[in-house]
Every structure is written in structure tokens, then in C-alpha cells.
Amino acid sequence: MSIFNISVTEVSTFYLVGFPGMESAHIWIFIPICLLYTVAILGNCTILFFIKSEPSLHEPMYYFLSMLALSDLGLSISSLPTMLKVFLFNSPDISPNECFAQEFFIHEFSAMESSVLLIMSFDRYIAICNPLRYTSILTSARVLQIGLAFSLKNVLLILPFPLTLVHLRYCKKNLLSHSYCLHQDVMKLACSDNKFNVIYGLFVALTGILDITFIFVSYVLILRAVLGIASQRERLKVLSTCVSHICAVLIFYVPVISLSVIYRLVSRSSPISKILMADIFLLVPPVMNPIIYCVKSQQMRNVILEKLCQKQS
């Protein structure tokens, strides 16, 4: 029996929201959304395929990139079913248990993406500040251990979300703010005491702040090491290896921080602004990360072009 079946609720159905007041245009809005999902899924599957099949990409940096692609793929697939229901089939209803399950996976893959970006910053730090020991520090076995450890940490971190929501009572409110379920959105529907959810949600947000703090510290140390290089050309060459990761960090954290600020600090923010920021948070990183890494990584770009040329010849 599912752990979600022990819920005691008075509301039997939650209702998702697309863009309020634009219901008649949902089918047209779904076209660009569908395009973004298609690019995200195909792009991340392409990254995974080439890293798996090409021996020259069997390096720590690309193993971490494959973890990022898996996180982006999971994030896209987690939100896709309800996006389809709301925008394509005009069916906004969802059971509480389905909602709790979806919000677990969305937050789990989001936390995993944050962790992978942190790991990748350590990878860049070791590669630039301690290049001679890079391969001995980040062996394949150690990369696997790091990936499994952070995956387990994030499962244990996010699991209390659905386990606590399932015990709350939902009496009157049943209208959510998005076309998918987020923890901060669902817990506001509860009519019973949800102080633990508020406090624990802040704790989870704090872990994300710690991630970005450690990323910032890594780049401070990297910058200090780079400034010690005499040649300006060499400095730029070293810094160019970090551009893809910096772009991925900005693309992920700017919408996350903006969404948290809108929910927790801006009491009278427009519903449309919340919806747009949440959609950017879910859709843009999975779409942009494969593009950034394929464009900026010469090794990845060369492998893809070589494979395409082989197929055409």
C-alpha cells in the first residue's frame, strides 16, 4: 500500500491553474511549452547518450554533466503530465496523493540539480588549483560515490515534504497557483496547523543557500589562483573553462531565488508573476544547460559533430 494512502483529508481534489483569465488560449500557450519540453528532453538525452557511448568523454567533468542532465530530465518529466492535463486537455483536477508525489519529485530533482552544480564547482576548483592531482582525487569510483551520497542526501532531505503534507487536513481551499504542485503552494491550502512545514521549508531553503555559498567560495579561490598566473592569455584560457558552469548556476539560481522572494517576502505579487517565474524555474534550465555545454565545451562539440559527419557520410 502506498504511503500516501494514509491521508486524512476533507478535500478530495485539488485544482491546478494555467494562466488565469487566458483559459481559451491555453492550447496556443501549450505549443511553445511543448517545444521547450521537447528540446529539454531531447537535449539531455543527447548529452547522456554521447557521454555514455564516447570513451573520450569518460572524465569526471562529463560524469558530473551527465548527473546534471539526469536532474534536468527528471525535473522535466516530473512536471510534464500535469502541464499536459491543464494546457492540452483542459483537465486541471488532481488528487492530493498525486499532488504530494509530484511535488516530491519536482523538489527532489531541483535539490539534486543544486547539489550537482555545487559538485561541479568543486570539480573546477580542483582542475584549476590542483591540476596534477585532479585524476587521482576524482577517480571514477569516487565520482560514483559522490553522486550516490548526494542523491541519498536529497531524498532524505525532501522526503519529509510529502510525509508531512499527507497528515494535514484540507477543508475549504483546493485551488493551487500553478499547473503542477510545489510544496510552498500546497501547504497554504491546509486548514490544520502547518508550522512544521513552514519551518522545515525554510530549512530546505537554507541548504540551497549553503550550496550557492560554497559555489561562491569555490570561485573566490579559483579567481585567486587565476590572478596568480602571469600571462593574461593563460588567465582567460583557464577562466573560459568555467563559463559553462557559471551560466548553468545563474540560469538555475536566479529563478529559484526570485520565486522564493515572491512567495515569502512579496505579499501582494501578481499571480501571473508567480506562474511565469515558476515556469522559468522548471523549463529554462533543462532547455539551456545542454545548449550551453554543447556550445561552450569544445570536446563535447567535436564529438557531436564527428558523430553527425559519420552518419552523413
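Any Cβ shown, glycine's included, is placed from N, Cα and C.
Features as listed in TrEMBL:
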DOMAIN    43-293  domain 'G-protein coupled receptors family 1 profile'
TRANSMEM  25-50  transmembrane segment
TRANSMEM  62-84  transmembrane segment
TRANSMEM  104-122  transmembrane segment
TRANSMEM  143-163  transmembrane segment
TRANSMEM  198-226  transmembrane segment
TRANSMEM  238-263  transmembrane segment
TRANSMEM  275-295  transmembrane segment
Integer mean pLDDT for the domain 'G-protein coupled receptors family 1 profile' (43-293): 89
Recorded stretch, among 25-50, 62-84, 104-122, 143-163, 238-263, maximising Cβ pairs under 8 Å relative to the transmembrane segment (198-226): 104-122
